[in-house]
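Chemist: I am attaching a structure below and will ask some questions about it afterwards.
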Amino acid sequence: MTESVKKIAVTGAAGQIAYSLLWRIANGDVYGKNTPVELQLLEIPQAIGGAEGVAMELLDSAFPLLKNIVVTDKAEVAFDGTNAAFLVGAKPRGKGEERADLLTANGKIFGPQGKALNDNAADDIRVLVVGNPANTNALIAQHAAKDIPADRFNAMMRLDHNRGIAQLSEKLGRDKNDIEKFVVWGNHSAGQFPDITYATIGGEAISGLVDHDWYTGEFIPRVAKRGAEIIEVRGKSSAASAASSAIDHMHDWINGTDGQWRTAAIPSDGSYGVPEGLIFGFPTISEDGQWKIVQDLELSDFQKDGIARNVTELEEEREAVKDLLG
């Protein structure tokens, strides 16, 4: 081990996603195998016992890279000196609750967490919001963190990206590692737009290998609604796959993608007609610790419609929480 210790915060630490996520972090899957880590676990008071039990198991796993664990119900403690934060904990939608109610309820979680990050985190802080509705929760946290650059707040759409890659690999009977330039535009919701326009497998255009009706009638809705499908089959929401995708996102953000495209939900700079500031899924590459939107792509009317639908959806979400954006 040659590098200084990195502090990594995880909220919702007693939950199912965190239970998979924390072991990957402790194993060195975010910063690498030469970087020791400290884990800072945040939970609500009612679930602090669960988080303490998770910490006990982490200690028992004797990870060489894991140097310390803090368990707390105070955001200012969890985010003290934090270099990377996974904001996983969020309020699930209750029976009969509208999406606007859910947005407001989560705003009361992510606003204070954004402020606590602003006041306590390290200068190189990177924040990935996993808790849903992730794009708008990230927007709320970002607005509350006035001194942190906006591009340090991302929402997780890597799960959607990975789901799309897996479905294409299965359909084509080809190695998923050969798939390039696939992207999911927009919101982490059932309205997202998985796009194969530029995607290739082993250098071949995927759009020429699959039927258009399959693409629009099966692939797009299956990727967009995969979470609901898993709940139907498993009886619980996606947890391990969400954790794995969160690791993928943060690892690539920090370490780069070697020019390969990844889907990342980041603050828009106005590219492709997406209003500046919306946290939106784009085709990106990571270089020097920053996501950069792939530029100068030609868009068909079909693509423009898919992007526009997501812009409308995210603008409506932003309007619903405008009082929380300060």
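Quick reminder: no glycine exception, Cβ is built from N, Cα and C everywhere.
What Swiss-Prot records for Gly12, Ala13, Ala14, Gly15, Gln16, Ile17, Ala18, Asn106, Gln113, Val130, Gly131, Asn132 is NAD(+) binding site, and it gives sequence analysis as the kind of evidence. Sequence annotations record features per position, and here Swiss-Prot assigns substrate binding site to Arg93, Arg99, Asn132, Arg163. Here Swiss-Prot flags His188 as active site, proton acceptor, drawing on sequence analysis.
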Chemist: What are the sequence-distant neighbours of Gln113 (NAD(+) binding site), meaning same chain, six or more residues apart, C-beta distance under 8 angstroms?
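Modeler: Thr11, Ala75, Phe79, Leu87, Ala141, Ala144 - these are the non-local Cβ neighbours of Gln113 (NAD(+) binding site), listed in sequence order.
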Chemist: Please state how far apart, in Å and to a whole number, the two most distant Cα atoms are among Arg93, Arg99, Asn132, Arg163, the recorded substrate-binding residues.
Modeler: 24
Chemist: Just checking the recorded positions Gly12, Ala14, Gln16, Ala18, His188: which sit within 10 A of Asn132 (substrate binding site), CA to CA?
Modeler: His188
Chemist: Listed NAD(+)-binding residues Gly12, Ala13, Ala14, Gly15, Gln16, Ile17, Ala18, Asn106, Gln113, Val130, Gly131, Asn132 - what's their greatest C-alpha to C-alpha distance in Å?
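Modeler: It comes out at 20 Å between the most distant Cα atoms.
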Chemist: For the binding-site residues Gln16, Asn132, which Cβ has the most other Cβ atoms within 10 Å, all shown protein chains included?
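Modeler: Per the Cβ count within 10 Å, the most buried is Asn132.
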Chemist: Taking only the Cα atoms, work out how far Arg163 (substrate binding site) lies from His188 (active site, proton acceptor), in Å, as a whole number.
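Modeler: If we compare the Cα positions of Arg163 (substrate binding site) and His188 (active site, proton acceptor), the gap is 12 Å.
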Chemist: For the C-alpha pair, I'd like the distance in angstrom between Arg99 (substrate binding site) and Gly131 (NAD(+) binding site), rounded off.
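Modeler: With distance taken Cα to Cα, Gly131 (NAD(+) binding site) is 14 Å from Arg99 (substrate binding site).
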Chemist: Just counting, how many other CB atoms are there within 10 A of the CB of Gly131 (NAD(+) binding site)?
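Modeler: A count of 25.
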Chemist: Do you know which of the binding-site residues Arg93, Arg99, Arg163 has the most other C-beta atoms within 10 angstroms of its C-beta?
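Modeler: Per the Cβ count within 10 Å, the most buried is Arg163.
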Chemist: Within 10 Å of the Cβ of the residue listed as 'active site, proton acceptor', how many other Cβ atoms are there?
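Modeler: Other Cβ atoms within 10 Å of the residue listed as 'active site, proton acceptor': 28.
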Chemist: Please report the number of other Cβ atoms within 10 Å of the Cβ of Gly12 (NAD(+) binding site).
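Modeler: 24, counting other Cβ atoms within 10 Å of Gly12 (NAD(+) binding site).
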Chemist: Please name the residue among the binding-site residues Ala14, Ala18 whose C-beta has the most neighbouring C-beta atoms within 10 angstroms.
Modeler: Ala18
